[in-house]
Structure formats: structure tokens, C-alpha cells
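Visitor: Please find one structure pasted underneath; my questions will follow.
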Amino acid sequence: MKNQKTVVVGMSGGVDSSVSALLMKEQGYNVIGLFMKNWEEKDENGVCSSAQDYDDVRRVCDHINIPYYAVNFVENYRKQVFTQFIADFQKGWTPNPDILCNREIKFKVFLEKALELGADFLATGHYCQNLILDKGSPSLVKGIDHNKDQTYFLYTLNQQILQQVLFPVGGLEKSQVRDIARKHQLVTAEKKDSTGICFIGERDFRSFLSQYVAIQPGAFQTLQGKNVGKHMGTAYYTLGQRKGLGIGGAGEAWFVVGKDHERGIVFVEQGANHPALYCDELIATDLSWVAEAPLLPYTCQSKVRYRQNDQFCTIHRIENGKAFVTFDRPQRAVTPGQSIVFYVGNICLGGGVIQQPGPTYYDQKKSLPHQSPRND
């Protein structure tokens, strides 16, 4: 076909990217499958399934009759994602490597590789939409299946990138994607979705982290200064955490409500809705906008963690690359290192990395509004 466009599909060995490749071929594109390896199996002690994943890619590509290749970005990933991930933990943050991977690997060096192969577009199996709306430029829009929507992880995509990428399953429900895979007898039709962080696999997170972040025991302490147990290091705990604290006694469950990384203290209190877990403002840095930054002050919706219900907020000002944000309702466990992502309805505007939550309701001696919702 003389004017046939070429699409490189980023294939992970899962059902979403498999169906993405199929749909691109059905739509008349010249399709190339490209598998990306980001982590060395020798580091995984045999746990990582990358060999099986690539075998599934090969079988799918053979089945739908498209060529496929593998690329090795292990060194890129280690330098640009994993090193930052560990550095953030070492300073007491709780980072999100998926966001960094999308920015530095999938939609940077992987996209560059696709273009090298002669692609007009890169397609991935993400649940989001790339739509031309009223302004005539691409918009990053939530996937039809809001339960699977992945725009939270993709807020760093900009106009230039959006002009080069396609999201074939973004307009489908997950159940429809599996139905298509079954109908076309793809080997990945019933394959379980991957969860967690790729370089950790099924292993215990703490045991993995301990290989890279020193165990520095300290005290679990209440906000009144009472020691109630010992922890293995502030890096191993995150705000709002309940499981794995090992604090006994009567009464309600214990939760992490704060950390003093310099002094090696993890602050804990009892009760899922303790006021020390809530704040209604934050400062975000490392800002990224899909189009242009909004005129301020700007009221919109946001998420401070994946799958959170959208929360109304106002971006008041941006100074020295930092956004000062307040919320209409108290937010639970706003965590440094995670991202706040901004929306207008289903349109993703951009976001930034949470640097500092505001003072808690406990700090301000404020009561939580009646029936404050668990919004996580």
C-alpha cells in the first residue's frame, strides 16, 4: 500500500499490547512489534518473567503475522529510573517508578527507537485516549474504562509526544479487550494483568529494598513522644501504612502518620481517620503540562494517588517551579514522592511530584469535617 503508515507497538507480553497490535493491523497499518527489556534476569533470581513475556510476544506476533524485535534498555532504565527510585527512598520519599519509566524510557528512548525503525507512530496498550478536541491540538483523555485509566502515570506526555503516539485500547473496556483476544485466539487472552513494580516482581518489597537502602532501626513514636515499638528504617514506611508495623496492644489499628527522616523516627497513631493523616494543601515540584500551564489561580480536579476519586483543588501560584495547591476537602496520606495529577473532567492537564504536604489537621488543631470521606 503506497501511503500505508507504519506503527511500532510496544509489546509487553500482556493482553492489552497484544490486542493493540491486532487492532492496528486491522486498521490497515504496517505493524511492527517491539519488546522492551528493562531489567536483567540475573538480578531477579529467576523471579522475573521477561523470558516468558517475550515468548508470548513472539507467539502473538507470529499468530497475527507481524514482525517483531526486542530492544535492551537495561542500562538506560538503571541510570534514569532505578537510580532515582532508590535515591528518593533514601531521602524518605515514596516514589512512583512507573511515571519516571514512562517519561524517561517508554516515551523517550523507546519512542526514539520506534522512529529509527521507520515508524510514523508508537502505539502502546495504555488505557487512555489521545483525542483532538476543540482547540485542535492533542489532548490526553482518560480511558473509557475508568477503573483501568492510566493517565495518572502519563501526565508527563507533551504535545510533541502525543502527535507521535496511539492508544488503541483506550476507547475500550477491559472486558472488551479480553473478548477481542479470545475471538482471535491470542495466547495472552487469559493472561493475568501484571501488578506491582517490574523489577521487584513477586518478591517481598522490604527484602528487595534492603539490598539498596541501609536498614537503620529506630523508634515508632506517637505524636506525644511515646515509644511504642521499633522500626527497620524510615525509608521502609509510607504515610497511611497500616500493615507490617508490628505494634501490638488494644484499641484501633496503628497507622503511620509522619516521618522524621533526619532523626530516624516514624510517627504512628491509632485510627484510620486520625487528624494527623489529613491535610488540605501541598507543594508540588517537577511540574509537567500536557499543553500549556493554566492561568492562575486555577480550580480543577486532581488525584494524589492512582485510582483515587477526583478531588477538587485550586492551584494558587507557581514559584521557582513549585505549585502551591489547596483542596476543597481534606486529603488522606498525602505522600512526598508520589504525584499530584490535574484534570478538567476527563482531560489530563499535567501534574507534578508532591514535595511537601501541608500542615495536618492535627497540627492545626482542626477537626475533620463530619463524615470526611476515605478518598483513597
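From the backbone N, Cα and C atoms, a Cβ is placed for every residue, glycine too.
Per Swiss-Prot, ATP binding site is recorded for GLY10, MET11, SER12, GLY13, GLY14, VAL15, ASP16, SER17, MET36, GLY125. Residues annotated as active site, nucleophile in Swiss-Prot, with sequence analysis given as evidence: CYS101. Per Swiss-Prot, disulfide bond is recorded for CYS101-CYS198. The site 'Interaction with tRNA' feature in Swiss-Prot is assigned to HIS126, GLN338; the stated evidence is sequence analysis. The active site, cysteine persulfide intermediate annotation in Swiss-Prot covers CYS198 and is backed by sequence analysis.
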Visitor: Across all chains shown, how many C-beta atoms besides its own are within 10 angstroms of the C-beta of MET36 (ATP binding site)?
Guide: 23
Visitor: Spatially, and counting Cα to Cα, which of the recorded positions is closest to GLY10 (ATP binding site)? Options: CYS101, HIS126, GLN338.
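Guide: Result: the closest of the recorded positions to GLY10 (ATP binding site) is HIS126.
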Visitor: Closest to ASP16 (ATP binding site): which of the recorded positions CYS101, HIS126, GLN338, going by Cα position?
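Guide: That would be HIS126, the closest of CYS101, HIS126, GLN338 to ASP16 (ATP binding site).
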Visitor: Grab the ATP binding residues from the record (GLY10, MET11, SER12, GLY13, GLY14, VAL15, ASP16, SER17, MET36, GLY125) and give me their largest CA-CA distance in Å.
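Guide: Spelled out: the longest distance between any two Cα atoms in GLY10, MET11, SER12, GLY13, GLY14, VAL15, ASP16, SER17, MET36, GLY125 is 16 Å.
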Visitor: When the Cα-Cα distance from GLN338 (site 'Interaction with tRNA') is computed for each of the recorded positions SER12, GLY14, MET36, CYS101, HIS126, which gives the smallest value?
Guide: CYS101
Visitor: Between GLY10, GLY14, which of the binding-site residues has its C-beta surrounded by the fewest other C-beta atoms within 10 Å?
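Guide: It is GLY14 that, of the binding-site residues GLY10, GLY14, has the fewest other Cβ atoms within 10 Å.
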Visitor: Return the residues near SER12 (ATP binding site), defined as same-chain residues 6+ apart in sequence whose C-beta is under 8 angstroms from its C-beta, sorted by sequence, else 'none'.
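Guide: For SER12 (ATP binding site), the qualifying residues are PHE35, MET36, ASP53, VAL57, GLY125, SER194.
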Visitor: Would you count the other C-beta atoms found within 10 angstroms of the C-beta of ASP16 (ATP binding site) for me?
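Guide: That number is 27.
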Visitor: With Cβ-Cβ distance below 8 Å and at least 6 positions apart along the chain, what are the contacts of CYS101 (active site, nucleophile)? List them in sequence order.
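Guide: Sequence-distant Cβ neighbours: ASN38, TYR77, VAL81.
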Visitor: Can you tell me whether DSSP puts GLY10 (ATP binding site) in helix, strand or coil?
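Guide: Assignment for GLY10 (ATP binding site) reads strand.
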Visitor: Let me know the DSSP-derived helix, strand or coil state of HIS126 (site 'Interaction with tRNA'), please.
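Guide: Assignment for HIS126 (site 'Interaction with tRNA') reads coil.
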